[in-house]
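Engineer: Below, the features straight out of Swiss-Prot:
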type	residues	note
REPEAT	575-609	repeat 'Sel1-like 1'
REPEAT	611-647	repeat 'Sel1-like 2'
MOD_RES	S613	phosphoserine
REPEAT	732-767	repeat 'Sel1-like 4'
REPEAT	768-800	repeat 'Sel1-like 5'
REPEAT	840-877	repeat 'Sel1-like 7'
REPEAT	952-988	repeat 'Sel1-like 8'
TRANSMEM	1067-1087	transmembrane segment
COMPBIAS	1102-1120	compositional bias 'Low complexity'
Amino acid sequence: MQWRGAGLWWPRRRQQQQQQQPPPPAFGPPAAAMVPPSRGVSPGLGGRPTSALLFLCYLNFVPSLGRQTSLTTSVLPRTEQSTTYADFIYFTAFEGSVRNVSEVSVEYLCSQPCVVHLEAVVSSEFRSSIPVYKKRWRNEKHLHTSRTQTVHVKFPSIMVYRDDYLIRHPISVSTVILRAWITHWHSGGGLNVRGEENLLHAVAKNYTLLQTVPPFERPFKDHQVCLEWNMDYLWSLWANRIPQCPLESDAVALLSFPYASSGENTGIVKKLQNFQNRELEATRSQRVDYPMVTISLWLYLLHYCEASLCGILYFVDSNEMYGTPSVFLTEDGSLHIQMHLVKGEDLAVKTKFTIPLKEWCRLDISFNGGQIVVTASIGWDLKSYHNQTISFHEDFYYNDTAGYFIIGGSRYVAGIEGFFGPVKYYRLRSLHPAQVLNPFLEKELAEQIKLYYERCTEVQDIISSYAATVQVGGERRETCDFHNSYLDLKRKYGRAEVCRGLPWEKELRDRHPSLFQSLLQMDLLTVPWNQNDSVLEIGARIFEKAVKRLSGVDGLHQISSAIPFLMDSSCCGYHKASYYLTVFYETGLNGPRDQLQGMLYSLVGGQGSERLSSMNLGYKHYQGVDSYPLDWELSYAYYSNIATKTPLDQHTLQGDQAYVETIRLKDDEILKVQTKEDGDVFMWLKHEATRGNAAAQQRLAQMLFWGQQGVAKNPEAAIEWYAKGALETEDPALIYDYAIVLFKGQGVKKNRRLALELMKKAASKGLHQAVNGLGWYYHKFRKNYAKAAKYWLKAEEMGNPDASYNLGVLYLDGIFPGVPGRNLTLAGEYFHKAAQGGHIEGTLWCSLYYITGNLETFPRDPEKAVVWAKHVAEKNGYLGHVIRKGLNAYLEGLWHEALLYYVLAAETGIEVSQTNLAHICEERPDLAGRYLGVNCVWRYYNFSVFQIDAPSFAYLKMGDLYYYGHQNQSQDLELSVQMYAQAALDGDSQGFFNLAALIEEGAVIPHHILEFLEIDPSLHSSNTSILQELYERCWSLSNEESLSPCSLAWLYLHLRLLWGAVLHSALIYFLGTFLLSVVIAWMVLYLQYISASGSSPAPAWVSADPTSSTPSPAVPPAADASDHDPPMMANGPEPRG
């Protein structure tokens, strides 16, 4: 096999387990002259000892800074020096550094016919002794005479020029050796002899070093070509840029925080990319058939594998096959290590040792070609537990970028039951365990996990012994009572029986007082006999007792007394209690916050596959909050586990489940229609359904089947209404629903014949769900894929998402009629179409494609994979049940219970519960402040705005909190603007109004926010222009028919602008002058009037005779007026003071 790559690479022979074949060595001066005998031969030059010694001599003879040297040595014995001493060779490089053409002067003397050799050898970081120039010539005539010849040594362009549009990858060389030697023609040094053998016959030799030039200090080459203008322009943009290699290492942290593996078919998916560093990437590519990697991971196993294999860490290639390396756990606790061979087969080996249970163990597995070294170390001091070396004579195929790694389970294999600690992966190095750097950073949390299971082992032993003792005693008493009447008389009249004391010391009883109290108060005779089932059943009873205490009127007061019982329930494997403890510790609900204990119980619940615990872990890693690291792949592992259970849970008739509905406590209209079995809405629907109203029958059946709108889940009653509606009405939806129930036998005996008739009847009425149902029938029961595809294509054209998903399944399984083989691309397209229509399984397939990135149409996007899996997981009925209990408590005014259940739901990361909890805390700040150890309003509104589907009012709330500041949170106008802008972008008029109000107060809206709102800052450069745009958008989005605050603000702004325009125009000066003139004239006339009134007590035209009230009609008015000095002012303006 050979190294793969371009350039001056040497062929590499396959390295077997015990034998290594090095690349050909370089050559140098004689070993006898320079190398001490004690050093021996270098291990890397074992292929040709003589040539290796010569190369070492050359290396030892290289001066550290010298450019030229003239040294002549002889390889013949000293007794023969007189015959060969005349032979010599010198040369001078006129330019001490590497150039495209370097002129070299060679001076030599031959005593016999000879051949003169000149050679240039270069070395780089990864390759050495590569000849790049060779020249030789004969000298037969000019003997015993010094000769000088000038040689123009031409080096490759990639060594002497910078990279440009033609020289894409110049080589950075570390050493350039120019060497020359003379061989006699008749002594085995002819032209037909290869260079390596020629050097052995050299009678004189010499060398010099040429100084190398770094790639970015080299000149550009004139290629004598004319570039197109676009190429020339692009070249000018980056011609003088010096790229910098990113800091890159082959060590990859696949996992840094503990992962709770539930032993199911979900795990962490990690995909490695090519190295950006060209040298690292070249090394990785060359080792495709010779892996040198190291895996280091921490494990805490609870149980060995129940199946034949359980996934630990394995590689899945692009063909969905296991690759190299793949590590599994077996049912007896040993390791199963599997490799894929170059020839296409697979090879596996099983370790001779087993992994210990309930101990933190570090596994270090190193691959060095065909050799595998497995080391298991126990505890934090890495006390060696076992070491095993396995050797193969096969070539392993290794390409860590042509697929993805999985930690834990997948759809191919279940994962281990336990916990993963940090996982480190060295891509290019085979390391000894002492060289591996993989510390457990969360050591305190790991210690708590170990202590928890030690305590739980003790609790389970107590419960098992106690239950067994009580049950055996009860069974014996029942048996004796049935068969022996004499004992009846003895118990009645004899001495009372005394129970035998249970074998527990006082110290043990003191450590578990709540457990013994629960056991004494519990009727254990009804507990199942099986040990695991009995422990779980007792845990469930302890939990119900604790929850009953928490559900009282003052339930939050009882949290501290309920915690010991919840701990006992958690130890019994009933992990609903674990989630309660998680929330209590992480939120400080009526107690101090303890993040470490919160993480502990969250991980324990996740390991037990508890739905709400897994969603809590997924959410915390998705957002990176509460000291959980941001890790989308880890978040996906938790969310996908619950998402895959959600469709199964929805079709499970038993269990505390309810439909997840988006009901906001601030929406009074929605709250009014919430009902119960004795509520007005339900009773009215039942009345209408009894009268034969098909719509009422369907709605009533849906409410009872799924547990919607406050009605408890009751599948049996729902099926009765489905049957009544299907058989009595012609409504196609009811007919279809009842047909599905009959097909699946959900709460009723299966009746495939009647179901098919009803399905055909509904399809004939044009119901696309029924058309899809017919396709499902022919696919599942008849295996008639052609007919199934026909119905599904028809239903898909009608817009049915189920049909899109089913068509995708046909392509995925490779059974689509007329299409040979599988077509994953088309399957992915149909799954994506189904997911966009709300299909749960289609969404799950899309999330899987996004996390693996194995389909070209689904580029790897871990964040999008988490979003899609989270969307499905939040439809889980067990979460819906908790939300419904909180809503019912709120409607009934039970504040303690409402707060408890909404905190439990909000910590899973579902947005509607987060905003509802914040609303409760706003309504009852006294309750939140007293019992919650977190800033409730701030925490949950802040959580909600980081959701994908966050409501606009949450952005407005956070904007207000940033604007005013809230409790310990400081004011932040910049973030306030961002929140208001996001609300405005979501179409909320209040967001535009608040932004305008900030501008009115003097705040400045950054340009990127304006561009975010699609407001061009160049067109709206002034605050006035921006205000106009904001108020206009606010008015256009307002839902009020009458005048709204937005319209009034817009009108007021324009009035101000109009008034400002008037004040700044020329007309104002004219009007001002005119009014001033009028006022002055009036003042003068008024003063004249006052002075005239003071000299004459009555006007001249007024008669002194009181009987005369008017002037004489004989006097004309004009003449009458002219006879008096003061003018008549009866019609003048009234004075205004």
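In case you wondered, yes, glycine gets a Cβ from its N, Cα and C as well.
Walk me through where these features lie, including what they touch and how far apart they are.
Structural biologist: Within the chain carrying the repeat 'Sel1-like 1' (575-609), a Cβ under 8 angstroms from the stretch's Cβ atoms is held by residues 258, 260-262, 264, 302, 417-419, 444-445, 448-449, 452, 539, 542-543, 546-547, 556-557, 559-560, 563, 566-567, 569, 616-617, 620, 626-628, 638, 641, 900, 903-904, 907, 931-934, all 6 or more beyond its ends.
When Cβ-Cβ distances below 8 Å are used as the criterion, the repeat 'Sel1-like 2' (611-647) is approached by residues 255-257, 259-260, 262, 264-270, 408, 575-576, 578-579, 582-583, 586, 595, 598-599, 601-605, 840-841, 843-844, 847-848, 851, 862-863, 865-866, 869-870, 872-879, 882, 904, 907-910, 943, 946 of the same chain, each at least six residues removed from its ends.
For S613 (phosphoserine), the Cβ neighbour count at a 10 Å cut-off comes to 30, with all displayed protein chains included.
Secondary structure counts, DSSP: the repeat 'Sel1-like 4' (732-767) has 26 helix, 0 strand, 10 coil.
If you look at the repeat 'Sel1-like 5' (768-800), the same-chain residues 6 or more away from its ends with a CB under 8 A from one of its CBs are 732-733, 735-736, 739-740, 743, 752, 756, 759-760, 762, 806-807, 810, 815-817, 837.
Secondary structure of the repeat 'Sel1-like 7' (840-877) per DSSP (helix as H, G, I; strand as E, B; remaining residues coil): 26 helix, 2 strand, 10 coil.
Taken as a whole, the repeat 'Sel1-like 8' (952-988) shows an average pLDDT of 91 in this prediction.
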Engineer: What does DSSP give as the helix, strand and coil breakdown of the repeat 'Sel1-like 5' (768-800)?
Structural biologist: 26 helix, 0 strand, 7 coil
Engineer: Reduce the DSSP letter at S613 (phosphoserine) to three states and note it down.
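Structural biologist: DSSP call for S613 (phosphoserine): helix.
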Engineer: Quick one: DSSP breakdown of the repeat 'Sel1-like 8' (952-988) into helix, strand and coil?
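Structural biologist: Per-class counts: 26 helix, 2 strand, 9 coil.
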